[in-house]
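Features reported for this protein in TrEMBL:
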type: ACT_SITE; residues: Ser197; note: active site, nucleophile
type: ACT_SITE; residues: Asp368; note: active site, charge relay system
type: ACT_SITE; residues: His394; note: active site, charge relay system
type: DOMAIN; residues: 102-399; note: domain 'AB hydrolase-1'
Amino acid sequence: MARFWGYDYVEQHTVPTQDRYLLCLFRIPFGKREGGSKMKLGKRRSRSRSRSSSVIASTAVVDNVDQFATSSEPATNGFPSISSRFSHKESTVRKRGWNGKPVVLLNHGFLMSSEIWLCNLKESQNLPFLLAEQGCDVWFANARGNKYSQQHMSKNPKDQPFWDFSLNEMAMYDLPDVVDYILEMTGAPSLTYIGFSQGTAQAFAGLSINPKLNDKVNLFIALAPATTPSGLHSQVIDAFVKATPNVIYLLFGRKCPLKIALFWKQICSPPIYVKLIDSCCNFLFGWTGRNMTDAQKLVSYQHLYSPTSVKCLVHWFQIIRTGTFQMYDEMPSLLPFHSSSEASDHVPPRFPTKQIKTPIAIFYGGSDSLVNFEVLSGDLPDLAYVKYIAEWEHLDFLWAEGVELHVWPDVIKLVSNFNPGHFATENGADVFAEAHRFENKVKA
């Protein structure tokens, strides 16, 4: 997708977590303004890596090098692949010193993948490209279980144990391990984190329980932050959401939910699939999709569904039911017939989001039923920045018409302000003129 716009050098990295999942990261290390010799060098390296063994690096969390070395590696899809086999000491030697570029990590939402960041119809509407042209080193996360991160050192995605994870594991393992890996690879002292929907929840949770992580994230930008959704638009489905987890597990099993979405995407024409998604979003959340063009939906909706665990879905249902941003509660599954008095005595721990030290910027819409800003802001320390757009819904903060005018300039200026002295231009808004020039050059 990046190559369509002329970003020919895109890296693929594999990050092992402490609980032995293998997560896929993509990286755009520089923009087209830095092109020339770097792009030519990148192409030569890409070709040589595709012919020979991959360039190998390591992180400290790999405790069994031999076992990892014999496990299957993810397909590189033509990207330069960097996986983990060397010892931590060797990796440190191979790591380059920081070049001063701001490092930005983008994380997607529930049932999504890193593809969502590159779906807009114009180059100037895609945030990663704008950041890259400003001189940022841009990284894309992929949550465990999605289409790019379905690997484990010992568990098989076809088996139930692979899918035994919730937001807890994403916060405890995935986020800190990914951040540590990126900082080790770049040499940067900290990075800026930009999350959408569940990607924000993962950061709120991870930063709240890991004090050291706050020193490694210089700014957290939350787009459509979903931490305490008030419920669903449909009363029937809302009642289902608040049912005991065993009902959910009975219906969906304990692996991956909503596989039928892939079936419908395969058999439906794009226009019919758009109508299907719009109808589902309206039924479940009350969204109209009026702020996105039909042409935009035809493209972006094709990248909406990517697998996750049923347990993660149950975790969200528990959060909706209690109205608190809490950790996964195992008791209802272990004791399905517990009494109401036992249930009232049992209170699962909340994520202590008041303890977050990283500056937080929030962007949210007045028509987004998944964002409860009053509850969210009450559970957070003082915010660095808040932007409210009255008519916007959840997905608008990715693909709405005018997102490059109403949201991205603010995001870019925030990244610039918290990474002083390293941006390619003094004014973040200058990137749009550059982006349009590149867009016209591609068309020519």
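Every residue gets a Cβ built from N, Cα and C, even glycine.
A map of TrEMBL features onto the structure.
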residue : record                           : DSSP (3 states)
Ser197  : active site, nucleophile         : coil
Asp368  : active site, charge relay system : coil
His394  : active site, charge relay system : coil
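Taking a C-beta cut-off of under 8 angstroms and a sequence separation of 6 or more, Asp368 (active site, charge relay system) has the following same-chain neighbours: Ala224, Trp392, Glu393, His394, Asp396. For the active-site residues Ser197, His394, counting C-beta atoms within 10 A of each C-beta gives the highest total at Ser197.
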